[in-house]
Amino acid sequence: MAETHSLQDMRQQAAVAAKVFIQRDYTNGTVCQFQTKFPSDLETRIDKQQFEETVRTLNNLYAEAEKLGSQSYIEGCLACLTAYTVFLCMETHYEKVLKKIAKFVQEQNDKIYAPRGLLLTDPIERGLRVIEVTIFEDRSLTR
Amino acid sequence: MKNCEYQQIDPQALPTPTPTPPPPHHHHHHHHHHGHDGDKREEPNRLRRKWEVFPGKNRFFCGGRIIVARQSGVLPLTLGLILVTSVLFFIFDCPFLVKHLTSCIPVIGGVLFIFVVITLLQTSFTDPGILPRATPDEAADIEKQIENTGSTSYRPPPRTKEVLINQQVVKLKYCFTCKMFRPPRTSHCSLCDNCVERFDHHCPWVGNCVGKRNYRFFYTFIVSLSFLTAFIFGCVTTHLALRAQGGKGLVFALQESPGRYPSLSNLVICFFSVWSILGLSGFHTYLVASNLTTNEDIKGSWSGKSGAECATNPYSHRNIFINCCSVLCGPMPPSLIDRRGFLPVDEYAQTSGTDIELPTLAAKSEINVCTQGTKGLLESATRSPLLSTPCPQGKPQSAHTCPDNSPTVNSDPSPELSTSCGARHTARSLSDTSPPRHTKTRSKKSKRAALHIPNPAFDDPASPTSPDAGPSTKGSGQKGATSASMH
C-alpha cells in the first residue's frame with residue numbers, strides 16, 4: 001500500500017495480539033447486560049476484580065438506560081400524544097445515558113486499560129452485541 | 001486480516017496501476033484514470049458515512065437520516081388511499097355537516113388525519129432495530145467457539161445456543177448472513193436482509209420491517225387509522241342520512257347531493273377497511289398486552305403449539321398494564337447502525353484508492369467484502385466478475401444508493417453462504433405459505449381473497465415478494481386468532 005495513514009502507523013506500532021469478546025448475558029431477558037465471567041486471555045494483563053467491576057458498572061448503566069420507571073412512562077406518553085414528533089427535537093433518556101457510558105469507557109481506558117496495553121471498545125460501536133477488548137502486544141509497552 | 005485488505009483494494013483504483021488486473025476490470029481502470037488525477041488530492045478529505053456502505057437491502061435518503069426497505073412495497077398506495085379518502089371527505093361531506101351539525105367535525109378529522117400520516121411516515125422511515133453485522137474479528141471468534149464445542153464428526157455442529165431466560169429455555173440461532181448468534185426475539189428479514197431486534201413482521205403496506213424501534217409508531221398508526229376510518233364512515237353515513245331525512249328518501253338524496261359518487265365510494269371503502277383495520281388493531285392490542293410479537297404468535301413459540309411442553313412467554317411481565325407500558329411507553333432504544341457516522345479512518349485508508357467517481361455499485365460491494373469477514377477472500381474472488389457491469393446511474397455518492405446494487409451483490413451466494421441461502425430458497429419454494437404479513441384491505445377484491453396461512457415451518461419470516469400474489473388478509477384470520485386466544 002502506497003500511503004499509510006498516521007493512525008495506522010500508530011496501530012502498527014502496537015500490534016494487536018488478540019481480541020477478546022465479552023458476549024451478552026440474556027438470563028434476564030432482552031435487556032442489555034454483559035457476562036461478568038472473566039475471560040482467561042486477560043488473566044496475565046489485568047486484575048479480575050478490576051475487570052468485573054468495569055463490566056458490572058457498565059451493566060448498571062445500561063440497566064439505568066432501559067429502566068421502566070415513571071420518568072420513562074411520562075416521556076413515552078408525552079411522545080405518543082404529540083405523534084412522536086418530540087423524538088425529532090429532544091434527546092431521549094437512553095441517549096443521555098449512552099453519552100454517560102461513552103465517557104465512562106473513555107475514562108476507564110485512560111486510567112486503567114491503556115497502561116496495561118488493553119483497549120475497551122464502547123459496546124454501542126459493536127451494536128451492543130459485545131464488549132471488545134483489544135490486547136496489544138507487550139512489545140509496545142517496552143518502548 | 002491484512003491480506004484481506006490487500007486483496008480487497010486490488011481490483012479497485014490505486015494511485016499506481018495494478019500489475020495484472022483481471023480482464024473485466026480493464027474498462028473500470030480506464031474510467032478511473034481520467035478523473036483520478038484531479039480527484040486524488042481531494043480524496044483524503046472525503047470521508048464516507050456508514051450508510052453508504054450499509055450491507056443490507058435498504059435505501060437511504062437525506063444523507064442517511066431516512067431509511068426504508070429496498071422494496072418500498074405499497075407505501076405510496078397506502079398514502080394515496082388515505083389522502084384520497086380524507087380529501088374526498090373534507091371536500092364533499094364536511095361543508096354539509098358543518099352547516100347542519102357542528103364545526104368540530106373537520107377539526108377532529110384534520111387532527112386524526114395528521115396523526116395518521118405522521119405515524120405512518122415515522123413507521124416507514126425509522127430504523128426498525130436493525131442489528132449491525134458482526135465485524136470480521138467477532139465472526140472469527142464465534143467460529144472458533146463453535147469449533148471448540150463442536151464434534152469431530154462429519155456433520156457440522158448445530159449452530160444453536162441455548163440460554164435460560166427467566167427459567168425458560170430459549171434457543172438462539174446462528175445467523176449465517178450476519179455471522180452472529182441472534183439475540184432472543186431477533187429475526188432475520190430476508191426482504192431487507194437484516195437481523196431486526198424484536199422482529200414483528202415485514203409490512204409491505206408500510207414498506208419497512210416492524211421491529212423494536214418502530215413498533216410503537218406502527219401501533220399508533222393502526223389505532224389512529226381505525227379511528228379515522230370509523231370517523232369518516234360515521235360522518236358520511238350521517239351526511240347521507242341527514243340528506244335522506246330532508247328529502248324524499250335515500251335515492252333522491254343521493255341524486256341531489258353534489259358529491260354522490262365520491263361520498264358513496266368513500267362509504268364503501270371505509271366500510272370494508274374499518275373491519276379489517278379494527279381487527280388488526282385488536283390483534284395488536286392483544287399482542288401488546290401479552291408482550292408478544294406477531295412472529296412469535298404465528299410460530300406458536302410460547303403457546304405450546306410447536307411442541308414445547310410448558311412454554312410460557314419469558315418476556316411478559318405478567319401484568320397487562322406493565323406489558324402495555326413497557327412496549328409502548330418504554331425508553332426509545334437508539335439506532336444501532338449509526339447511519340450518519342463516518343467510516344473509521346483505518347478502514348478508509350484501506351479504500352483510500354477508491355475513486356469517488358466510481359459507480360456506487362463497485363465501491364459498496366468492495367467494502368462489503370472487507371466487512372464480511374476474513375473469509376472474504378473467497379467472496380471477493382466470486383464477486384469480482386460481477387463488478388464488470390457498472391451501475392447505470394453512475395453518479396458519485398448520490399443521496400440515493402443505486403437500487404440495482406443489492407441484487408448483484410447480495411444475491412450472490414458466496415461459497416459459505418450458499419448452504420443457508422440454498423436452504424432458505426428451498427424452504428421458500430416448498431411452502432408457499434405467506435409470512436406474518438400485514439394487509440390493510442381497503443378494497444373489496446383483496447378482502448374476498450381472505451386466507452390466513454400460518455407458517456410454523458419458517459425460521460425467517462421471509463417470502464418471495466409479490467404484493468399482488470394474493471396477499472393473505474389478516475382480517476378474518478386475525479379475528480379468528482383473537483377470538484381463539486382471548487378467552
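Cβ coordinates come from backbone N, Cα and C, glycine included.
The feature compositional bias 'Polar residues' is assigned by TrEMBL to B:1-10, B:381-421, B:473-487. As annotated by TrEMBL, region 'Disordered' applies to B:1-44, B:381-487. Annotation comment: TrEMBL describes B:14-23 as compositional bias 'Pro residues'. As annotated by TrEMBL, compositional bias 'Basic residues' applies to B:24-35, B:437-450. Look at TrEMBL and you will find B:74-92, B:98-121, B:217-244, B:264-289 tagged as transmembrane segment. Among the features that TrEMBL reports, domain 'Palmitoyltransferase DHHC' is placed at B:171-299.
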So what's near the transmembrane segment (B:74-92) in sequence-distant terms, Cβ-Cβ under 8 Å and 6+ beyond its ends?
68, 106, 109-110, 113, 116-117, 120, 124, 204-207, 225, 228-229, 232, 235-236, 257-259, 262-263, 265-266, 269-270, 440, 442, 467
Could you give the mean pLDDT over the domain 'Palmitoyltransferase DHHC' (B:171-299), rounded to a whole number?
86
Residue distribution over DSSP helix, strand and coil in the domain 'Palmitoyltransferase DHHC' (B:171-299):
75 helix, 19 strand, 35 coil
